[in-house]
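Residues or ranges marked as domain 'Mandelate racemase/muconate lactonizing enzyme C-terminal' in TrEMBL: 143-235. Per TrEMBL, the feature active site, proton donor maps to Lys164. For Asp189, Glu214, Asp239, the entry in TrEMBL reads Mg(2+) binding site. Per TrEMBL, active site, proton acceptor is recorded for Lys263.
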Amino acid sequence: MKIKEVQIRKMKMTMKSPFTTSFGTFQDKDFLLIEVTDELGNSGWGESVAFNAPWYNEETMETNLHMIRDFLIPLVLEKEISHPEEVNDLFAPIRKNNMAKSAIEGAVWDLYAKRNKLTLTEALGGTKDKIDVGISIGIHEKIEDLVNTVQGFLDEGYKRIKVKIKPGFDVEVVRELRNQFPDVPIMADANSAYRLSDVGLLKQLDEFGLMMIEQPLASDDIIDHAKLQAELQTPICLDESIHSLEDTRKAVELGSTKVINIKIGRVGGLTEAKKIHDYCAEKGIPVWCGGMLESGIGRAHNIALTTLPNFVMPGDTAGSSRYWEEDVITPEVVAEDGVITVPDEYGIGYAINWEAMERYTVDRWTFKA
Ligand SMILES: O=C(O)CCC(=O)c1ccccc1C(=O)O
Ligand SMILES: [Mg+2]
């Protein structure tokens with residue numbers, strides 16, 4: 001197939017409620033959507049998960065716009081691509097900028113699946129028709145408010161509770177949650193808020209039987225995480241530190257991580273995500289799919305990825321209604337009793353809600369050969 005046209009849409013959506021992590025609060029989401037069109041008129045969609053500010057990683061919506069427009073689109077336009085795995089090779093001359101690459105690569109996967117009358121799940125080799133999902137809950141000023149929020153999501157049926165922690169909002173919070181919810185699978189995500197010297201404090205979390213602690217130490221570290229894991233009973237799960245299969249291999253070999261959170265954008269696309277999945281399956285490392293507060297487009301990609309067999313733990317892919325008054329896809333993603341039914345339409349499996357799509361679009365650019 002040949003990519004004849006690429007369109008970038010700049011989107012502006014506002015989440016129903018603010019989401020606070022150790023590095024800042026999100027509510028307004030400005031992000032990019034990509035639509036690629038082939039010579040037969042088929043189209044595929046991808047989402048850039050870069051945020052407005054470079055808090056989670058160094059990319060932003062604006063750096064992604066620059067990379068996509070000035071470097072990545074020229075590498076795919078008019079190229080003969082027989083399989084989306086080739087997009088990685090086309091992008092190889094460009095260093096990093098994984099979220100920008102992933103936005104286009106994801107669109108090419110959707111296009112490829114639709115053109116070949118496959119679901120994205122089938123194109124990836126996924127094996128599930130339903131996936132279990134958990135929910136990620138931001139930092140709340142008051143522990144009692146957090147307890148109420150957790151109870152609400154448990155009532156909706158989410159299979160696992162992830163809470164954000166940071167220094168000063170950690171041991172007591174987890175203790176209270178464990179008291180209130182003795183049997184619920186709970187995990188904590190620190191988003192790199194601690195140093196190895198906090199080992200004493202982090203060890204105090206061991207008594208609460210957390211499923212795992214996500215990214216306790218620096219986003220560029222795998223050495224100190226290995227030292228920390230040797231001291232902790234709670235399994236460490238790396239998020240920010242993993243950008244590729246190579247990073248995964250090194251972290252697993254060092255013993256820095258016992259679980260991996262795979263985010264498609266962070267690793268540069270579905271092809272690399274699948275490679276990480278396959279490697280972890282071989283090594284007996286369970287994986288789950290992380291989230292970046294995506295719109296329905298990115299969410300649909302996450303669902304398809306999660307159908308691969310070694311996604312054995314509930315991910316952060318909650319239903320659309322957890323984030324948005326109205327999503328850009330139809331039907332919206334629905335989590336019923338913590339289970340999402342994998343769509344059976346071709347490609348990402350959801351149609352565009354054009355009315356919402358246009359309403360949330362603030363700018364757009366079209367590129368042709
Ligand atoms: O619901 C989601 O999409 C996941 C939310 C989440 O935990 C998160 C949100 C923004 C930035 C980083 C993270 C994270 O997984 O670390
Ligand atoms: Mg995380």
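Residue numbering: from 1, along the chain as shown.
A Cβ is built for glycine as well, from the same backbone N, Cα and C atoms used for every other residue.
A TrEMBL annotation is a machine prediction, not a hand-curated record.
Shown here: features listed in TrEMBL, placed on the structure.
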| residue | record | DSSP class |
| --- | --- | --- |
| Lys164 | active site, proton donor | strand |
| Asp189 | Mg(2+) binding site | strand |
| Glu214 | Mg(2+) binding site | strand |
| Asp239 | Mg(2+) binding site | coil |
| Lys263 | active site, proton acceptor | coil |
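Listed in sequence order, the recorded positions from Lys164, Asp189, Glu214, Asp239 having a Cα within 10 Å of the Cα of the residue listed as 'active site, proton acceptor' are Asp239. In the predicted model, the domain 'Mandelate racemase/muconate lactonizing enzyme C-terminal' (143-235) shows an average pLDDT of 98.
Among the recorded positions Lys164, Asp239, Lys263, the ones whose Cβ sits under 6 Å from an atom of ligand 1 are, in sequence order, Asp239. Checking the recorded positions Lys164, Asp189, Glu214, Asp239, Lys263 against ligand 2, the ones with a C-beta less than 6 Å from an atom of that molecule are Asp189, Glu214, Asp239. Considering other CB atoms within 10 Å as the measure, the emptiest surroundings among the active-site residues Lys164, Lys263 are those of Lys164.
Counting only the Cα atoms, the space from Glu214 (Mg(2+) binding site) to Lys164 (active site, proton donor) is about 9 angstrom. Taking Cβ-Cβ distances under 8 Å and a sequence separation of 6 or more, the neighbours of Asp189 (Mg(2+) binding site) in its chain are Thr21, Ser136, Lys162, Val163, Lys164, Ile165, Ile213, Glu214, Gln215, Asp239.
Within 10 Å of its Cβ, the residue among the binding-site residues Glu214, Asp239 with the fewest other Cβ atoms is Asp239. Apart from the site residues Asp189, Glu214, Asp239, the chain places the Cβ of Lys162, Met187, Ala190, Asn191, Ile213, Gln215, Cys237, Leu238, Glu240, Asn261, Gly290 no farther than 8 Å from the centroid of the site's Cβ atoms, the recorded Mg(2+) location.
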